[in-house]
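According to Swiss-Prot, the protein carries these features:
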BINDING   Asp67, Asn69, Asp71, Arg73, Glu78  Ca(2+) binding site
DOMAIN    12-47  domain 'EF-hand 1'
DOMAIN    54-89  domain 'EF-hand 2'
Amino acid sequence: MADSYTELEKAVVVLVENFYKYVSKHSLVKNKISKSSFRKMLQKELNHMLTDTGNRKAADKLIQNLDANHDGRISFDEYWTLIGGITSPIANLIRQQEQQSSS
């Protein structure tokens, strides 16, 4: 990874690398994560952000709806949709905290 990457570029690289870390090397379906591995990834990698019951429920609902083609696996595009769905409420929370601290 280039040292000259911006913070945002580094964050994107981490998200991409994290997806491929959980793709099974023994999977017959390349570049997809099984739902069970995906849940493990969420528990391990997003544990602190998903400790809030609302966030966890939202993630569970997204997982149910994520598998657009119903193949039982999560593609990179489906993963990216989940990341967006999880970060949206977090962004709202951060914005609220900033507004409260500036009041």
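Along the chain as shown, the residues are counted starting at 1.
A Cβ is built for glycine as well, from the same backbone N, Cα and C atoms used for every other residue.
Keep in mind it's a predicted model, so treat the numbers as computed, not measured.
In the three-state DSSP classification, Asp67 (Ca(2+) binding site) falls within coil.
Among the listed binding-site residues, namely Asp67, Asp71, the Cβ with the most fellow Cβ atoms inside 10 Å is that of Asp67. Summarising the environment of Glu78 (Ca(2+) binding site), the number of other Cβ atoms within 10 Å of its Cβ, over all protein chains shown, is 20. Listed by sequence, the residues of this chain that lie at least six past the ends of the domain 'EF-hand 2' (54-89) yet keep a Cβ under 8 A from its Cβ atoms are 15-16, 19, 27, 29, 31-35, 38-39, 42, 46. Figure note: comparing Cβ neighbours within 10 Å for the binding-site residues Asn69, Arg73, the maximum is reached by Arg73. Residue counts for the domain 'EF-hand 2' (54-89) by DSSP state, with H, G and I taken as helix and E and B as strand, are 27 helix, 3 strand, 6 coil.
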